[in-house]
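Colleague: Before we start, here is the structure in question, set down as structure tokens.
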Amino acid sequence: VIGGDECDINEHPFLAFMYYSPRYFCGMTLINQEWVLTAAHCNRRFMRIXXXXHAGSVANYDEVVRXXXXXFICPNKKKNVITDKDIMLIRLDRPVKNSEHIAPLSLPSNPPSVGSVCRIMGWGAITTSEDTYPDVPHCANINLFNNTVCREAYNGLPAKTLCAGVLQGGIDTCGGDSGGPLICNGQFQGILSWGSDPCAEPRKPAFYTKVFDYLPWIQSIIAGNKTATCP
């Protein structure tokens, strides 16, 4: 996260960290004891998922690591378009217990409204050159825009996507924050999919997969319908 501050240790009990190698990682959101939600483009064959992590250098006493038991991507996703249906549900190999630093974030009950102030968070780059990564996650506030702002900036916007950022630039998600949550008015509304390169450019908000539009799919998969298709 560019232009943010260190997150409070108690602010992100639902934020999980997926690592595949030291240089490749993503954010994830715990939505119940056994499932996390992230971006489809974060999918890797062998991944480790750490819940209750804060500082990379010092483990929280309740930090846990899980592997993925099964990963679910929309069967109707266009494989060669990163931003199409960029959402993935992962079932953990064993459930996690709620603790001081572990608690799921519930799915949204309403869609977000344009103009909302939204919170972003992650262990991603804190410099636009993407050469500095923090030991603890950084948090910042950004704004939810009308989708036309992104359509004008990038000549288009995928369906079921939110457009969020800061028009003057300087505050944004960045490399390594992918898959992490966009939280608007306390509700889990978006999953970081894609943004400008370099990050935090003026008038170039980022794309967040709109969680609300995928609720039927998410609920079907969790209920055991493994072949549910996305809207």
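Keep in mind that glycine also has a Cβ here, set from the backbone N, Cα and C atoms.
In case it's useful when we look at the structure, here is the feature table from Swiss-Prot:
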DOMAIN    1-223  domain 'Peptidase S1'
DISULFID  C7-C139  disulfide bond
DISULFID  C26-C42  disulfide bond
ACT_SITE  H41  active site, charge relay system
DISULFID  C74-C230  disulfide bond
ACT_SITE  D86  active site, charge relay system
DISULFID  C118-C184  disulfide bond
CARBOHYD  N146  N-linked glycosylation site
DISULFID  C150-C163  disulfide bond
SITE      D172  site 'Required for specificity'
DISULFID  C174-C199  disulfide bond
ACT_SITE  S178  active site, charge relay system
CARBOHYD  N225  N-linked glycosylation site
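How buried are these features, and what lies next to them?
Modeller: Confidence annotation: the domain 'Peptidase S1' (1-223) carries a mean pLDDT of 96 in the model.
Under DSSP, C7 (disulfide bond) is assigned to coil, being neither helix nor strand in the three-state scheme. Within its own chain, C7 (disulfide bond) has H54, M121, V136, P137, H138, C139 as residues 6 or more apart in sequence whose C-beta sits under 8 angstroms from its own.
Here C42 (disulfide bond) comes close to M18, C26, M28, M88, S178, G179: these same-chain residues lie at least six apart in sequence, with C-beta atoms under 8 angstroms from its C-beta.
Here the Cβ of H41 (active site, charge relay system) has 17 other Cβ atoms within 10 Å, regardless of which shown protein chain they belong to. In the three-state DSSP scheme, H41 (active site, charge relay system) is classed as helix.
In the three-state DSSP reading, C230 (disulfide bond) counts as coil. In sequence order, C74, P75, N76, K77, K85, I87, Y214, W217 are the residues of the chain that are 6 or more apart from C230 (disulfide bond) and have a CB within less than 8 Å of its CB.
Long-range C-beta contacts of D86 (active site, charge relay system), restricted to its own chain and to partners at least six residues apart, with a cutoff below 8 Å, comprise A39, A40, H41, P158, I191, S193, W194, F207, T209.
According to DSSP, C118 (disulfide bond) is assigned to a strand segment.
Residue density at N146 (N-linked glycosylation site): 10 other Cβ atoms are found within 10 A of its Cβ, drawing on all protein chains shown.
C163 (disulfide bond) has a Cβ environment of 24 other Cβ atoms inside 10 Å.
Spatially close to D172 (site 'Required for specificity') yet at least six residues away along the chain are V1, I2, G3, I120, I142, G165, V166, G195, S196, C199, A200, E201, A206, judged by Cβ distances under 8 angstroms.
Around C174 (disulfide bond), the C-beta neighbours below 8 angstroms that are at least 6 residues distant in the chain are V1, I2, G124, A125, I126, T128, E130, G195, C199, A200.
The secondary structure of S178 (active site, charge relay system), as reduced to three states from DSSP, is coil rather than helix or strand. Neighbour density for S178 (active site, charge relay system): within 10 A of its CB lie 26 other CB atoms from the protein chains shown.
If you take the C-beta of N225 (N-linked glycosylation site) and look for same-chain residues 6 or more apart in sequence within under 8 angstroms, you find none.
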Colleague: Can you tell me which disulfide-bonded residues out of C118, C163, C184 are within 10 A of N146 (N-linked glycosylation site) by Cα, answering none if there aren't any?
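Modeller: Taking C118, C163, C184 one by one, the ones whose Cα falls within 10 Å of N146 (N-linked glycosylation site) are C163.
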Colleague: Please report the number of other Cβ atoms within 10 Å of the Cβ of C26 (disulfide bond).
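Modeller: Looking across every protein chain shown, the total is 28.
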Colleague: Provide the number of Cβ atoms within 10 Å of the Cβ of C139 (disulfide bond), excluding the reference atom itself.
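Modeller: There are 19 of them.
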